[in-house]
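Written out below as structure tokens is the structure these notes cover.
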Amino acid sequence: MIKFEKVNYTYQPNSPFASRALFDIDLEVKKGSYTALIGHTGSGKSTLLQHLNGLLQPTQGTVRVGDIVVTSTSKQKEIKPVRKKVGVVFQFPESQLFEETVLKDVAFGPQNFGISKEEAEKIAAEKLEMVGLSKEFWEKSPFELSGGQMRRVAIAGILAMEPEVLVLDEPTAGLDPKARIEMMKLFESIHQTGQTVVLVTHLMDDVADYADYVYLLEKGHIISCGTPSDVFQEVDFLKAHELGVPKATHFADQLQKTGVYTFEKLPITRAELVNLLTSLSVKSGGEN
């Protein structure tokens, strides 16, 4: 689906202000997967994200998106199809809303790619239903809606482009806890339809709950990758890099350090932790 091969990126190359942001990045996003990218500010997440849909081109190396290969010498007309294949929901996407009505805003993208107004509005209606905004909202101004509803409109606008890959950049930033949970459940339901998802986040619990593969970035390098279940076993390594672990993993690790119980494999989700502690309780009860 998407493959990075030895990707390097330097801002303002061949100048006194040259600053290298990515170093020999090898990365793969498989079709139908839910891939997470984790890293602090300055880790290279944003730079990497902009390579996913051709906003940036590698200084060295290649980015393959389907059958399109992007290099340092690719022309804009060659890259444009990538932006239809990969839809990016940037942080606070509601700030990009501008049309008179919700329906018109969501239909704008497809029309911009040459689809008729009638067909674009049909697609927009379908995507608005998908994100949980019923017909009563469609003729309202997007600016009359709540923050969470506005974000859903913006997400529907990206989905209306029918991208093969949906990239989410800190998608729950600024939302209250209830809205955050609802938003993550929405993305999971979209993923369940077969949509390939890339989640850029610093929230380890979201990675544990939803992602099937994760890449950890630090200062432009991938320092670890694998399934969340495997990556989050390296508690000391992650703490050394100030990345932390899911709450369930932290609790289990602390419990293990007391000597009360040794886990064969640390749980990464609350459900896994509850199941393990329940089985421990049952086992202890049976031994008494």
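Any Cβ shown, glycine's included, is placed from N, Cα and C.
Per Swiss-Prot, these features apply:
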type	residues	note
BINDING	G39, H40, T41, G42, S43, G44, K45, S46	ATP binding site
DOMAIN	2-244	domain 'ABC transporter'
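S46 (ATP binding site) is surrounded by 18 other CB atoms, counting those within 10 A of its CB over all protein chains shown. Those residues of the chain, other than G39, H40, T41, G42, S43, G44, K45, S46, with a C-beta within 8 angstroms of the mean position of the ATP site C-beta atoms are L217, E218. According to DSSP, K45 (ATP binding site) sits within a helical segment. Counting neighbouring Cβ atoms within 10 Å of each of the binding-site residues (H40, K45), the lowest count belongs to H40.
G42 (ATP binding site) is surrounded by 13 other CB atoms, counting those within 10 A of its CB over all protein chains shown. Minimal Cβ crowding within 10 Å, among the binding-site residues T41, S43, is found at T41.
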